[in-house]
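Just below is one structure, and these are the notes that go with it.
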């Protein structure tokens, strides 16, 4: 990467996404001169070891961003709202995983392979998309480029790690209780998630859609620059630990050619085409956990639309859907010279 | 029920659907004078106890149907093809759960709450629908009656009991191995099903659709009498033991009124409206396992269509999707006087 080196902060470093960010930052040789980890006061002082290095967690609060060039916010929307303005005022670039600011007109919402131009136009804060949206667009974007997207109807199969580490423990605990014949307790989710499906992710709005479903529609329009795009989503939690999958049926402006569709997907850098069903070859969440690319397969003409195409995509919600997308945004900014150390 | 009493056979009595049929026949006080259980030669002689009664399994073969009035076929398509003609020739009415004859023009494919007239028009064989189709139509049919169905895009969340008892054991075994930290073996499915989703049910056709997906389209058209209906399905196996769920987005001819939609669903005898998301109230497979009705909820205007409606339905694949539907077909025939004992 670039030779200049950065002071980097991770806010929310003890959470599921924060931990993945730390791991990926070290594994991908991000040009950090110094890396500082922040979390709530409760976690301050905690020692974290990753990649042979040891970090002491500091309390995330106003005033800590003075020497930081780049801050990854991997906490909830409340933390972003309260601390990101302070970081920006200190001249720090914020890359935020929360949903707090994604739809703000002056906050670019960026997937680096789709709309990198947002990384040049920021005003201090760059938002990262919702995890299901990011995974879905790894299939939908190359197909849109090929045929012109008009409408998408999608259903998700989302893993519990999207809720956080406590949900992973809940699924694990319920499965253990099941095997032991003990009573199954539900605390993180309103109902048992082991051996069940819950059509409920985020809170319900007055129109009957969940926040997650609304995000998938709104964020797709913003990222792809398609304000008229019609999207209808049903988002469902399934007893999978890691990686989300999405069944997509899409209608396009132009006639769809299947060979061209496969070529478009396989040439897109965010996707890996896994599409030989005759050999039982299709993406699964288990196969695409901890993978940089998302797996796209089951491409076929959609039988409900004239210019339609259906596909199935699986991708790591913590990576493509959060930590990796954030990091790739920063890497691209550095490569293009759009991000430089303050003191550089 | 009717006072006349029948000699009834269950072919495939040792399988998952056969066992549910036996249980439901006894629980629902079906007017059996005599009940004979048939299975492959391998299972002949096996003794089955259910509801305090004991049955000895006989070999299913040509020539056994002489005294039988009504035979439920709960085995595979091969058994139906080889033995159903013999049963019909012996004057026996066959109610078949296999897919072998469903699309034959002279075989009615019947859900009793939707197209009971097929039960009068049979030529000895009545087919039962595919499990996902049956569950889906418990929501789609009342909405079609209200608004005129044009197009449906659906994604399924199907339980392993749809594959059979061996798949239930496989999921259970994989979960036990996971908890024990032992290697996980996949034999029934091509890949691990525990903590995974497989977009693969039945075999793949040359158009890229699975047999299950094609059945959902074809059978919906036949049962609802809508030859022009456009359906696109993605069918997915999830780590759930029992009951299938389906996310449905549908386009209608007429404008959709949500209150009217809810009324139509709640008045339909096959459905139970579970639709108070603000109280975390929506159907789940766990809640609708071993339920006679299917749960329909999450009703909302579909954001991808002008006259669109989305919903979520969960229902027992072994009951509504197989054994119960078959039994309810027979019960209705008896109630209407369309089925009488041969010797009566």
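Glycine is treated like the rest: Cβ placed from N, Cα and C.
Automatic, uncurated: that is what TrEMBL annotation is.
These come from TrEMBL:
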DOMAIN    A:7-122  domain 'Semialdehyde dehydrogenase NAD-binding'
BINDING   A:14, A:15, A:16, A:17, A:42, A:43, A:161, A:162, A:183, A:317  NADP(+) binding site
BINDING   A:102  phosphate binding site
ACT_SITE  A:131  active site, acyl-thioester intermediate
BINDING   A:158, A:237  substrate binding site
ACT_SITE  A:244  active site, proton acceptor
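What TrEMBL annotates, mapped onto the structure for a quick look.
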residue : record                                   : Cβ contacts under 8 Å, 6 or more apart
A:14    : NADP(+) binding site                     : A:37, A:39, A:43, A:46, A:48, A:57
A:16    : NADP(+) binding site                     : A:161, A:164, A:165, A:168, A:318
A:42    : NADP(+) binding site                     : none
A:102   : phosphate binding site                   : A:109, A:127, A:128, A:129, A:130, A:215, A:219, A:222
A:131   : active site, acyl-thioester intermediate : A:158, A:162, A:244, A:317, A:318, A:320, A:321, A:322
A:183   : NADP(+) binding site                     : A:177
A:237   : substrate binding site                   : A:158, A:160, A:162, A:163, A:189, A:193, A:197, A:198, A:200, A:201
When you measure from the Cβ of residue A:161 (NADP(+) binding site), how many other Cβ atoms are you left with inside 10 Å?
25
DSSP three-state call for residue A:158 (substrate binding site): helix, strand or coil?
strand
Should residue A:237 (substrate binding site) be counted as helix, strand, or coil on the basis of DSSP?
strand
When the domain 'Semialdehyde dehydrogenase NAD-binding' (A:7-122) is classified with DSSP, how many of its residues are helical, how many are strand and how many are coil?
32 helix, 32 strand, 52 coil
Conformational class of residue A:183 (NADP(+) binding site) under the three-state DSSP mapping:
coil
On the 0 to 100 scale, where does the mean pLDDT of the domain 'Semialdehyde dehydrogenase NAD-binding' (A:7-122) fall?
96
Where does residue A:244 (active site, proton acceptor) sit by DSSP, helix, strand or coil?
strand
